[in-house]
Structures are given as structure tokens and as C-alpha cells.
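> Sharing the features that TrEMBL gives for it:
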DOMAIN    154-340  domain 'OBG-type G'
REGION    461-481  region 'Disordered'
REGION    500-607  region 'Disordered'
COMPBIAS  515-529  compositional bias 'Basic and acidic residues'
COMPBIAS  546-556  compositional bias 'Basic residues'
COMPBIAS  565-574  compositional bias 'Acidic residues'
COMPBIAS  579-589  compositional bias 'Basic residues'
COMPBIAS  619-630  compositional bias 'Basic residues'
REGION    619-661  region 'Disordered'
COMPBIAS  644-661  compositional bias 'Basic residues'
Amino acid sequence: MVQYDFKKITVVPNGKEFIDIILSRTQRQTPTVVHKGYSISRLRQFYMRKVKYTQQNFHEKLSTIIEEFPRLDDIHPFYGDLLHVLYNKDHYKLALGQINTARNLISKIAKDYVKLLKYGDSLYRCKSLKVAALGRLCTTTHMARLPSIDPNTRTILICGYPNVGKSSFINEITRADVDVQPYAFTTKSLFVGHTDYKYLRYQVIDTPGILDRPFEDRNIIEMCSITALAHLRAAVLFFLDISGSCGYSIAAQAALFHSIKSLFMNKPLIIVCNKTDLQPLEGISEEDMKLVMEMKAEAMKTVIGQGGDPLNDEGVLLTMSTLTEEGVVSVKNAACERLLDQRVELKMKSKKMNDCLNRFHVAVPKPRDQKERPPCLPQAVLEGMAKQQAAEKEKRKLERDLEEENGGAGVYSASLKKHYILKNDDWKEDIMPEILDGHNVYDFIDPDVLQRLEELEREEGLRAEEEDDDFEMDGKELTPEEQEALAEIRKKKSLLIQQHRIKKSTAESRPTVPRKFDKERKFTSERMGRQLSTLGLDPTLAINRARSKSRGRKRERSLDRGGNDGDDVMDMDVDQPNKKLRARSRSMSRSRSMSRPPGEVVAGEGFKDSAQKVKALKLAKKSVKKRNKDARRGEADRVIPTLKPKHLFSGKRSIGKTSRR
């Protein structure tokens, strides 16, 4: 039988969206520019191409829809009935038939309009025919809400009245996340979860709640549960709320059980009494207990029908609480075990199993005499096994071993106090109080704390004195000559520090001290002359230069520009106080002396006379004018700026109305 994954069905858009998709694709994939100056054959071909392309797109899209949706005769009866409950089989077939009819009509219409376009006599006539051909619609449907249920795999089905704990149970044993609320009909469709038992995967189906009423009065939500019970080969868990908090009594739940018990035939059935944290099973009334025992007797019939022991009622009536998780795992294991036994028994009865058993042969050795032959192990092997067992006994237990023995990671918590060194080992796990009699316990743990604090302070003081002695030089231990040398060194050091601070400060930040405030007369030309004389240098030039600067004599400008000799240049350089200004004045004087008219011919330029040079300059300016106008960087600039080609920026449909199609 064909398997279908309904989640993979492509979502079908509505009619308006479907038309927009097709026509926008036609606009993008076919030419869009046409002129009335074209020949009539070219105009006909242009619009015929648009009509044919649109018809092909419609055909592909509608064929995909028809192929993806399954045929009702090929799918499992469970899916067939569920689809009938949710969508109605007749409507489903009618919708697919309409799509198939629309596909055939579109093909026929396109064929007719292509014939008409062959005889179009003008641009307007061809365009009108194209607009008429594209004005068709289609019908749609969708079916992506069906759940992904495998009808042939191992399945556990949960059913019962609304709000009895079905969704809470599936959330506990699977990774499903079904909404749980304290009101009826929270679950409105089938939910699927998966769990593992003995390395096998089981699918667990949570069905909506069922009410005890006639079959004709049940709504779509209840019919989903009835459909699953009727068609799926599964272990059925009938949930019973013995506390009555769901809003329905045990008698009403028992009546629902007897009304649908025909659907439990040939299926493993387990009665699950939920919410035992509110009301234990032993605490219910005798009448309710009698009803529960009747349901248990009906469940035992399914055990007997599968060939089970009629005296063994284990796993038929179970109690649990999804709130405290008590008994949840045992219910899951019992359901999986019952279902597994039934599936194995059915496979053993099938013809395929007989064919497999005929291929097996189990060889059993026959005794040749009455002599016993026990297994023989060499002595060395026995000694090695004994040593290994003794080593395992003497092996010290690690934290990892203790963790495995006491529940594993997340359960076992290692004790950090067991290695404490105390007078009595029983004191290790005692809880130490923080506050006792209004005092902090940690302030009174060490009785000698003040004495030790004083010793530490005294030790720190001694260390500080030793460090000061190491770095400070005492002058009492030196000879008089060494003391004089030490004083000279310290004086020199302080002078160097002062000079460094003076140099470090910039000229702008130092205040200018006028000469009248230099009362000690430290900076004078006479003093400079004496110091230079002691060094063996002639101080005359330096003194004259300093005096000329102090007078502030202005620079004299030469009248004859070209007649300056080297001495005059040297005099001007001396008068110029700044080196940059001197260089600037020198360059200015040279540029003035070397300037010439543009038409003057210089030897080596290659011109015959000044007229030829002026003409060449004019031609050069004229040749550059076009390049400058085009914003070229030079003669080799071949850059083509970004343009807007007409075939890319004209004739396209812009954002706006699409009625012109």
C-alpha cells in the first residue's frame, strides 16, 4: 500500500495569488518590448509566444497539484476516513476534478487563441487577443493539515473522556509538546509522539476527548478519535479519571467504555486509572468499584482472545498519576509489552514465518555414553581469575564508582567533607552554624587570633625597616673625602634634574623674562666672552652677532636685483632670524631674477623662434580642451561611465495597476 507524507504537499495559493504568480512569470520570462513598426509576422509571433508560455505555466502548476494530492483508493482506510471527516470525500474529489477540468479548458482556450493570433492584422488586434487569452482563473484546494501517522507501525492509542490526563501522559513519555489546559476539548486533533522500548520505536497518538452520545451527534473532533480507533492496529489505553475532577462521573465514563467497546476488538486493551494523587483506587465507593471491575472483565476478554492466561490479570488494570509521575513508566512498559507480544504472535501465525522456519536447523548434540564431562579450565587460568577477583576486592573505590552505585550523574552529589581531619569522624557531616547566641561563629573559632595578628604586624614592621636600610645610604660610615664626593654627586644630580625640567618645558610655556629683571646679571655678553675665552675661542663674532640681534635692525632691500654678489647674500642671511624665512627669501629672489615671458625661446627647447613656440603652446591648449570637458584624467583615460541602456530601463511594467493585461 502506498505511503503518503501529507506534510510535503505544496501549499496551493488562492485564485488571485495563483494568477499573479503565472502572469508575473510570463512578464519576466518573455520579451516585453514591441513597436508598431515591426512586421506583422513578428508581432503575431510576439503575442503567440506569450499565450503559449502562459498556457504551459498553468498546465505545469495544475498538473503538480493533481499529482501531489493522493487518490482515495490508494491510501490507507484510516487516512480515507479521516479525510472524509475533515474535508468530505465528495468535496475532495469534486475539487480535484475541477482542477483537471480547468487544466483541459486552459489548453483548449490557448489553442483557439493561437489560431486567432495567426490572422491578427494589426498591433492593436494582436494585443487585444492576448489580453483576452490571459483572462482565465483556476480553482484550488489544500490538505496539508493531515497528521503524519504510519498506520502499519507499532502504535499506542490513548482515548477517554475530555480532561482525564491523556495529553499530560503523552507529554511525559514522549517529546511531544501538546497543550494542556484545565478545561475540556483542549486537544482538537490527533497529535503524534514517539517513544522507545527495548530498542524499538513506538508512535503514541493522543486523540481528542469523546463524549457518550449517539454516533450521529458526534462532531468532527470526536470523529477523529473514532476513526483512529476503528482503523489503526494499536494498543488502546482507556483513561479513567477516578477522582471526578474532569467533570464526569465514573458511571458516565463506564457508559462511554461500553458504547465503544466494539472498536477494541482484537486490540490489546488496558484500563488506566489516572489522578490517584487526588483519589486512590481503594478509596472509591463500592458501586464505582463494581463498574471498574466490569471494565476490567471486558479488557480480560482481549487477553483471552490473544491466547493469554485467563487467570493472569497483570497489566490489565493499572493506576498512575501524571502529576507526581507515579506509575507512568509502568503503564508505558505494560502497553508496549502487550503490543509487542500481539505483533510477534501474529507474525508467528503468518505463512511468511513458516517459510523462514523451514530454512533454520538447530543442531543438538546427543550423548554418546553415560559419562559426565564437566568443562575443563587450566590451572593457570583459574589462578589468574582468583587474582583478578582479589584485586577487584582490594581496589579503592573512586568517586566515579560511587556515582554509578548511587544513581549516576545528576543524582549523586559528592561530599566535600569526608576528607576533613577531625578528632572524631562522626563530626564530618555535622552542619556548622553561622550565628550562635547572637554572635558570628567564625569570630570565635581561633582563640589566639589577636596574638597572631600582633605577630604579623610586628613582622611587617621589621621587613619595612630592612627595606629602608637597604636603599638609604648613611653618611656616618664614610670618610671625609668620600662625604665630599657624595655631596658633589648629589649636587650634580639635582642640577641635572633641573636642567632636564627646563629643557622639557616648551618655549611657548616658558615666560619671557625681561633683562631688567635679570638682577643677578647671569646672562650677559661679557660673561659669554669670558667663557669662550677660557675655552680658547675668539668671542668677537659671537658678541657682535648678539648685539646686532638685540638692536633689532631691519633687513635692507637691495636696489639692483641682478647685481647681488655672494657677500650681500651672506649679509642678508645673517640679518634673517629664521632659517625658513631665509630660504623663502632666497627662492623669491631667484624666481624674480629668472622669470621670463612665455614666448621667449630658450636654447634646447627645439623651437626656431618665439612665434613658433607661441603657436605650439596654443595647439597644446586646444588639444587638452576636449579631454578636460570629458573629465578625463589624461590621454590614457579610457574609463566608460555607468550608463542606463535602453533595453534594460524601458518597456518594463513598473509598480502600479495590472489591469492593462
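Every residue gets a Cβ built from N, Cα and C, even glycine.
Because TrEMBL annotations are produced automatically, they should be read as predictions rather than curated entries.
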> Who are the long-range neighbours of the compositional bias 'Basic residues' (619-630) in its own chain, taking Cβ under 8 Å and residues 6 or more past its ends?
637
> Average the pLDDT scores across the domain 'OBG-type G' (154-340) and report the rounded value.
81
> Using DSSP, tally how many residues of the compositional bias 'Basic residues' (619-630) sit in helix, strand and coil.
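Across the compositional bias 'Basic residues' (619-630), the residues distribute as 11 helix, 0 strand, 1 coil.
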